[in-house]
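Here is the structure we will look at, set down as structure tokens.
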Amino acid sequence: MSHSVKIYDTCIGCTQCVRACPTDVLEMIPWDGCKAKQIASAPRTEDCVGCKRCESACPTDFLSVRVYLGNETTRSMGLPY
């Protein structure tokens, strides 16, 4: 199942999210916006299983990577749409 994965410019280029992803959804790409000169990218969101290990691994105060599960999460929790 595919999920929306967003990478924010608060990414510090640490690679923790990339290493945590069990389905290789994430990769690092060159970026001049941080000291590490790289940022996470999510080119294979169709492989995302929604485990959110990338979010858990992110060391920034504001999570630089977020997984949005969509309506199936709301349904599974029994909440109205």
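Heads up, the Cβ atoms here are built off N, Cα and C, so glycines get one too.
Over the domain '4Fe-4S ferredoxin-type 1' (2-31) the predicted model carries a mean pLDDT of 92. Per Swiss-Prot, the feature domain '4Fe-4S ferredoxin-type 1' maps to 2-31; the stated evidence is sequence analysis.
A coil conformation is recorded for Cys58 ([4Fe-4S] cluster 1 binding site) in the three-state DSSP classification, outside any helix or strand. Taking Cβ-Cβ distances under 8 Å and a sequence separation of 6 or more, the neighbours of Cys58 ([4Fe-4S] cluster 1 binding site) in its chain are Gln16, Cys17, Ser64, Val65. Here Swiss-Prot flags Cys11, Cys14, Cys17, Cys58 as [4Fe-4S] cluster 1 binding site.
Here the Cβ of Cys21 ([4Fe-4S] cluster 2 binding site) has 24 other Cβ atoms within 10 Å, regardless of which shown protein chain they belong to. Here Swiss-Prot flags Cys21, Cys48, Cys51, Cys54 as [4Fe-4S] cluster 2 binding site.
The annotation domain '4Fe-4S ferredoxin-type 2' is assigned in Swiss-Prot to 39-68. If one looks beyond the domain '4Fe-4S ferredoxin-type 2' (39-68) by at least 6 residues along the same chain, the residues whose Cβ comes under 8 Å of a Cβ in the stretch are 1-29, 31, 33.
Sequence-ordered, the extra residues of this chain that approach the [4Fe-4S] cluster 1 site, with Cβ no more than 8 Å from the Cβ center of Cys11, Cys14, Cys17, Cys58, are Ile12, Gly13, Thr15, Gln16, Val18, Ala40, Cys54, Ala57, Pro59, Thr60, Ser64, Val65.
On the backbone, the CA of Cys51 ([4Fe-4S] cluster 2 binding site) and the CA of Cys11 ([4Fe-4S] cluster 1 binding site) stand 20 Å apart. When the C-alpha distances from Cys11 ([4Fe-4S] cluster 1 binding site) to the binding-site residues Cys21, Cys48, Cys54 are tabulated, the minimum falls on Cys54.
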